[in-house]
Amino acid sequence: MIKVAVFGAKGRMGTAVCQAVEEAEDTELVAAVDSGGDRSDASGADVIVDFTTPDAVMDNLSWAISHDINTVVGTTGFDDERYQVLRDQLADHPNIGCLVAPNFSIGAVLMMHFAEQAARFYESAEIVELHHPNKVDAPSGTARTTATKIAAARQEAGLGEVPDATKSQLNGARGAVVEGVHVHSVRLRGLVAHQEVLFGAEGETLTIRHDSMDRVSFMSGVLTGVRGVLDRPGLTVGIEGLLGLE
């Protein structure tokens, strides 16, 4: 049995993770820690799953790594600087793995993969991500990652800038720009997590869309990460490799 602790256990995602861990046949929930809780309750875990906040996650990971505990992270707010901090910390603990994923939904991961494959064929590309209004970051980590993948594929294909003749606009009307790709964020009551990637060429468009209607859709990926991180020392970003998509 894999002994699992959950940080952020009382949040929406943390609650769902606790339930998924308890229901899986090969995992055991040994600690459910929330804000203000005692992290030492997780000292006996094989893996800590972190769904906390961008302000708390790095301190949580430093604690876990220093205690030689593997981690699976769904908390947002990661950038190159934070990834490098983790690499430096993990270098002193060569047998410990840390998996950080912008999205644990298998469908969302496939959506990003398909978008990366399609990007080199289309002159235009934009992203619309839609989430519940309690989400604290915009654009979402999934949208940022998708934009980065699209930009890399476009560069490899020799495509230039996305065509856009806009000269006059209201502030924010064209969304944020992530590595040359426009990203639009919607926050609406009733939504959970949704994203569509729009591609365009002469005479046609292609839309790749994924919808998560319930947080249970993320649990298969979380459990895949819990099982997989034990065999992946160092830093792993995304679950694509665990799904055979790399």
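Backbone N, Cα and C atoms are what each Cβ position is placed from, and that goes for glycine too.
Note that the coordinates shown come from a computational prediction; the quantities given were computed from them, not determined experimentally.
Taken from Swiss-Prot, the feature NAD(+) binding site applies to Gly8, Ala9, Lys10, Gly11, Arg12, Met13, Gly74, Thr75, Thr76, Ala101, Pro102, Asn103, Phe104. Close to Arg12 (NAD(+) binding site) in the fold, though at least 6 residues off in sequence, lie Arg215, each with a CB less than 8 Å from its CB.
Listed in sequence order, Ser140, Ser185, Val186, Arg187, Leu188, Leu191, Val192, Ala193, His194 are the same-chain residues at least 6 apart in sequence whose CB falls under 8 Å from the CB of His131 (active site, proton donor/acceptor). The active site, proton donor/acceptor annotation in Swiss-Prot covers His131.
Mapped onto three states, the DSSP output places His132 ((S)-2,3,4,5-tetrahydrodipicolinate binding site) in coil. Within 10 Å of the Cβ of His132 ((S)-2,3,4,5-tetrahydrodipicolinate binding site) there are 14 other Cβ atoms, across all protein chains. If you look up Swiss-Prot, you'll see His132, Gly141, Thr142 marked as (S)-2,3,4,5-tetrahydrodipicolinate binding site.
Taken from Swiss-Prot, the feature active site, proton donor applies to Lys135, supported by sequence analysis. For Lys135 (active site, proton donor), applying a Cβ distance below 8 Å and a minimum sequence separation of six or more within one chain yields Arg187.
In this structure, Lys10 (NAD(+) binding site) belongs to neither helix nor strand by DSSP; it is coil. Of the chain residues outside the (S)-2,3,4,5-tetrahydrodipicolinate site list His132, Gly141, Thr142, Thr76, Pro102, Asn103, Glu129, His131, Lys135, Asp137, Ser140, Ala143, Ala193, Gln195 have their Cβ within 8 Å of the site's Cβ mean position. DSSP classifies Pro102 (NAD(+) binding site) as coil under the three-state reduction. Within 10 Å of Gly141 ((S)-2,3,4,5-tetrahydrodipicolinate binding site), counting C-alpha to C-alpha distances, fall the following of the binding-site residues Thr76, Pro102, Phe104: Thr76, Pro102.
Within 10 Å of the C-beta of Thr76 (NAD(+) binding site) we count 18 further C-beta atoms, all protein chains included.
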